[in-house]
Amino acid sequence: MTVNVAVLGAGSWGTILANLLVENGHHVELWGNDPEKVAEINEQHTNKHYLPEFKIDSRLHATLDLNEAFEAVDVVLFVIPTQVIRLVAEQIAPVLEAKGVKPVIVTASKGLEQGSHKRISEVLTETIPADIRNGIVVLSGPSHAEDVAMKDITTLTAASTDLVQAQWIQEIFMNDYFRLYTNTDVIGVEMGAALKNVIALGAGALHGLGYGDNTKAALMTRGLAEISRLGVAMGANPLTFIGLSGVGDLIVTGTSVHSRNWRTGNALGEGQKLDDVLENMGMVVEGVATCKAAYELAQQRSVDMPITNAIYNVLYRGCDIRTEIGNLMQRSGKPEIDFK
């Protein structure tokens, strides 16, 4: 079965997922908005800014033209920064309607929209009418593009309220090194995917400050607890957070030098300024915007998220990291398991 896929976003993850789908035998159009990058992918079969050592399959075609990308399309895969998803979705909706296609919409982006605090699937539901899409599937889990490029074994979750569509996406992506599981808890999968980026900033900061494994383990474990609290308050199944999109994604993002969020936190821990770190990164660090959304959402829902609050204070109020750590340690005693 050959499927026509349009991948939106020619960054590291978008390029790798597009390449994987081509290798799985599907026809893929990779849409980007940078003419030089699109030309590089088509002519040199590289994307050196994001994947310096990776050779792209010559069958993968990149394009600047949404009309070309959506020709007879079966799947539209969003792999773009969270804060521009609404804008791009609003642009593609009339193109899909004009083409007369009704694809499955898949998102592999991870974050919460600033201002509205909405999950990505909620944004897509609002911007792409139901009569021009065939369901929405969330793709999430512990996955760095660099590892998938090396064909390291990787497992993700395909989540949808429509299990049949999740199973179809599962079939399209799976091969001998890339395995998907299905889940119907879209809220839990998306909340875990978004919020782990915030905790990864903290984990990186601890490393930059010179803290050891005990401290990092404490932060990640208690970070998962508050991710779960907010997720459950939003309607998620608490068991989702011990799965791939919860603890799995938190482990890989909170411990790896491949993680932009971890690297950003590490640089902050070493004493660098946030604006300088983000400028030098040259790529979107989702956890920074998501931290603000998570902080505001927790305030609205009266959910206790002390680690997220501390990271927010560092990012948005200029507070000292060590002072925030001290404040966390001076809190009154609490039960370990508490979803309130």
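Cβ from N, Cα, C; glycine included.
Per Swiss-Prot, the feature NADPH binding site maps to Ser12, Trp13, Lys110, Ala145, Arg260, Val284, Glu286; the stated evidence is sequence analysis. DSSP assigns Trp13 (NADPH binding site) to a helical segment in the three-state reduction.
Within 10 Å of the C-beta of Ser143 (sn-glycerol 3-phosphate binding site) there are 24 other C-beta atoms, taking all protein chains into account. What Swiss-Prot lists as sn-glycerol 3-phosphate binding site is Lys110, Gly141, Ser143, Lys196, Asp249, Ser259, Arg260, Asn261.
The Cβ of Lys196 (sn-glycerol 3-phosphate binding site) lies under 8 Å from the Cβ of Gly223, Ile227, Gly246, Asp249, Leu250, Thr253, Gly254, each of these being in the same chain and 6 or more residues away along the sequence. According to Swiss-Prot, the active site, proton acceptor annotation covers Lys196, on the basis of sequence analysis.
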Candidate with the highest Cβ count within 10 Å, taken from the binding-site residues Ser12, Ser259, Asn261: Asn261
Listed binding-site residues (Ala145, Val284), ranked by Cβ neighbours within 10 Å, top entry: Ala145
Cβ contacts of Glu286 (NADPH binding site) (under 8 Å, same chain, 6 or more positions away): Pro81, Thr82, Ser109, Lys110, Gly111, Ala194, Asn197, Arg260, Asn261
Pairwise CA distance, Trp13 (NADPH binding site) versus Ser143 (sn-glycerol 3-phosphate binding site), rounded so that it is a whole Å: 9
Secondary structure at Gly141 (sn-glycerol 3-phosphate binding site), reduced by DSSP to three states: coil
